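Taken verbatim from Swiss-Prot:
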BINDING   C38, H64, E65, E144  Zn(2+) binding site
Amino acid sequence: MINQVYQLVAPRQFEVTYNNVDIYSDYVIVRPLYMSICAADQRYYTGSRDENVLSQKLPMSLIHEGVGEVVFDSKGVFNKGTKVVMVPNTPTEKDDVIAENYLKSSYFRSSGHDGFMQDFVLLNHDRAVPLPDDIDLSIISYTELVTVSLHAIRRFEKKSISNKNTFGIWGDGNLGYITAILLRKLYPESKIYVFGKTDYKLSHFSFVDDVFFINKIPEGLTFDHAFECVGGRGSQSAINQMIDYISPEGSIALLGVSEFPVEVNTRLVLEKGLTLIGSSRSGSKDFQDVVDLYIQYPDIVDKLALLKGQEFEIATINDLTEAFEADLSTSWGKTVLKWIM
């Protein structure tokens, strides 16, 4: 079977390429239905990654957030028509200590390997997680970002002290919003504070205990642990504010990605006995755990709906370009692609 793959060949330039797919291979064949654009995709699209990185990784199909429908499974594990969320991280070995998303041998779709912008995606069976029938697929398209947050929370739980009465979240964007949703469900008795700089973004966090502007933090405010969801150049000031306000022996979970090294007040980290926990991407278990949370707490999906921005029907390469360009001017939420190529 001929498969069409839509690749970024140069900044702002998509082209279609073709490969031959063996439908009787060991993979399950999934037709993408809805996808969502990530900031990492935009760094490739706009050419803002390092030139050496771009030359090594392009041409490449973008997008690592998406849901689809099983069209064929020669192994019979999935029924035709089963809706699944697609897992972008693909391990090539198993390690009893190191998680799959930290193994150097693992590869990640839309980061040196083709992403989900294809007519058909071939997945290992454990890279497809079944979804409930009655769920809104357009909202669930950005589940991968939810798994990144849950993975960070699970890592934090293993490495932090038992005091978990108060949490601070730095970042009023998509990742901060998702992290707040999950912490509210997982720690219903704890207080959650969100720190940001944009009023209309902070207004979405109606379910937390309080929100603060980063330049108007009350004197004497403190919390047990913190989650950094800022990234970019702003992560430096965010991390150092967390260090200033966090209680002794607290943990700071770092989720934001910065293209540049940041300076950290290590003197205060040592003085307070703080733990900094790095976290990146997620694995298939995180996806299954998130889907289980959707089923257990349907209101999580309702809250995630507030993140849905523009939805574009993608039938041509011009539609793709239009969607990526529009997403660049989106200050809140996720751009969704309805895949009808």
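We count from 1, first residue shown onward.
The backbone N, Cα and C atoms fix where each Cβ goes, and this holds for glycine too.
Each of the binding-site residues H64, E144 was scored by the other Cβ atoms within 10 Å of its Cβ; the lowest score goes to H64. Under the three-state DSSP scheme, H64 (Zn(2+) binding site) falls in the coil class. A sphere of 10 angstroms centred on the C-beta of C38 (Zn(2+) binding site) encloses 24 other C-beta atoms. The Cβ of E65 (Zn(2+) binding site) lies under 8 Å from the Cβ of M35, S36, I37, C38, P88, F116, S141, Y142, T143, E144, L145, each of these being in the same chain and 6 or more residues away along the sequence.
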